[in-house]
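Features reported for this protein in Swiss-Prot:
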| type | residues | note |
| --- | --- | --- |
| BINDING | Asn11, Lys18, His175, 203-207, 278-280, 326-330 | ATP binding site |
| BINDING | Asn11 | Mg(2+) binding site |
| BINDING | Arg86 | substrate binding site |
| ACT_SITE | Asp143 | active site, proton donor/acceptor |
| SITE | His175 | site 'Transition state stabilizer' |
| SITE | Arg236 | site 'Transition state stabilizer' |
Amino acid sequence: MNEFPVVLVINCGSSSIKFSVLDASDCEVLMSGIADGINSENAFLSVNGGEPAPLAHHSYEGALKAIAFELEKRNLNDSVALIGHRIAHGGSIFTESAIITDEVIDNIRRVSPLAPLHNYANLSGIESAQQLFPGVTQVAVFDTSFHQTMAPEAYLYGLPWKYYEELGVRRYGFHGTSHRYVSLRAHSLLNLAEDDSGLVVAHLGNGASICAVRNGQSVDTSMGMTPLEGLMMGTRSGDVDFGAMSWVASQTNQSLGDLERVVNKESGLLGISGLSSDLRVLEKAWHEGHERAQLAIKTFVHRIARHIAGHAASLRRLDGIIFTGGIGENSSLIRRLVMEHLAVLGVEIDTEMNNRSNSFGERIVSSENARVICAVIPTNEEKMIALDAIHLGKVNAPAEFA
């Protein structure tokens, strides 16, 4: 066993690899970076926020070799005791994280048609890491597995049964690693018993989802079979009437593929504002009186509040509403507008606490008189993945979750 073991966390996207190296004893981040533009001539690697360096080899394997070389330069290569992989979709097969074996790889491949853009990239990352770090225990952490505790009435669609039985058409949910980490932290921050609690977690970023967590388990979530369902997002429409899209197709002669591009890439904040999918740009425009930017933000907020209230119905009681993700953690405007919408639930805002920057970390942003506590908890998916790897790999597990 390594004297000073570290965990390498790998997140292979459709054209990028994000990575972090964490100390196995306390999960402190020792280095991090991103390889982007994979499989293109513009592929580059940036480490610890430094200047991007062109990659000599543009494949996933080439990018991971470059990452391994960066570890070697810092004398960390031989310290890698565990590797944790973020896997986009585990289907109904994976209800929890798993040590990677040939059988696990085969099962990931089986469910990959459910998330072809990401799962096949995840598999490339696993295969390359096995070659670069032979003998190192690797762990798969699935974005969907936290939601496998949902009851059938929460995950089934009102479609003919054969589509579920034969094709696996159902709600799977995403952002599970984030929702799990944040709900665990919330129990500590709000002094709640994990086995007797009710939380609604709002992961708000360019992709966004809501999760109802009852007694530490996901019982409902807004994303569906794909990450398109639920909230309006940066470029995704979120919930939309299928009949409306069918009518658009009939009027414009667009194909299913065309419309899929529209609802995934051209809608949401970008679609309504006509300006940007970046909330920071839209907030600036909001204050400058840009009407469509204001309308985009109001629609975004309305959908968030409606989904939070709806997800509360899946709980026996509502102890807290937790904001996380890039927008949830950093936008005091969005939090304020959402909380104002939720006055019906007994939510009251503490303006001073809400206006504090994210550098303050975990914090309660509701007033002392509020019936429901609202809090901000920065997510840390890399730490959650590392903790799962440490737990399964039994390498000097940290004494405390925090």
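For all residues, glycine too, the Cβ spot is worked out from N, Cα and C.
Quick caveat, the model's predicted, so the values are computed rather than measured.
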Exercise. Within 10 Å of the residue listed as 'substrate binding site', Cα to Cα, which of the recorded positions Leu204, Arg236, Ile327, Glu329 are there?
Worked result: none
For this session: Would you mind listing, in sequence order, the residues at least six apart from the residue listed as 'active site, proton donor/acceptor' in the same chain with a Cβ closer than 8 Å to its Cβ?
Result: Arg86, Ile87, Ala88, His89, Gly90, Phe174, His175, Gly176, Thr177
Seminar exercise, completed: Within 10 Å of Arg236 (site 'Transition state stabilizer') (Cα basis), scanning binding-site residues Asn11, Leu204, Asn206, I find Asn206
Exercise. Residues with Cβ closer than 8 Å to the Cβ of Leu204 (ATP binding site), same chain and 6+ apart in sequence?
Worked result: Leu231, Ile304, Phe323, Thr324, Gly325, Gly326, Ile327, Gly328, Ser331, Ile334
Exercise. Same-chain residues six or more away whose CB lies under 8 A from the CB of Asp278 (ATP binding site)?
Worked result: Gly234
Exercise. What are the non-local neighbours of Glu329 (ATP binding site), defined as same-chain residues 6+ apart in sequence with CB under 8 A from its CB?
Worked result: Phe323, Asn358, Val376, Pro378, Thr379
For this session: Look at the binding-site residues His175, Arg280 and tell me which residue has the greatest number of other C-beta atoms within 10 angstroms of its C-beta.
Result: His175
Seminar exercise, completed: The answer, for which of the binding-site residues Asn11, Asn206 has its Cβ ringed by the most other Cβ atoms inside 10 Å, is Asn11
Seminar exercise, completed: Across all protein chains shown, the one of the recorded positions Arg86, Arg236 with the most other Cβ atoms within 10 Å of its Cβ is Arg236
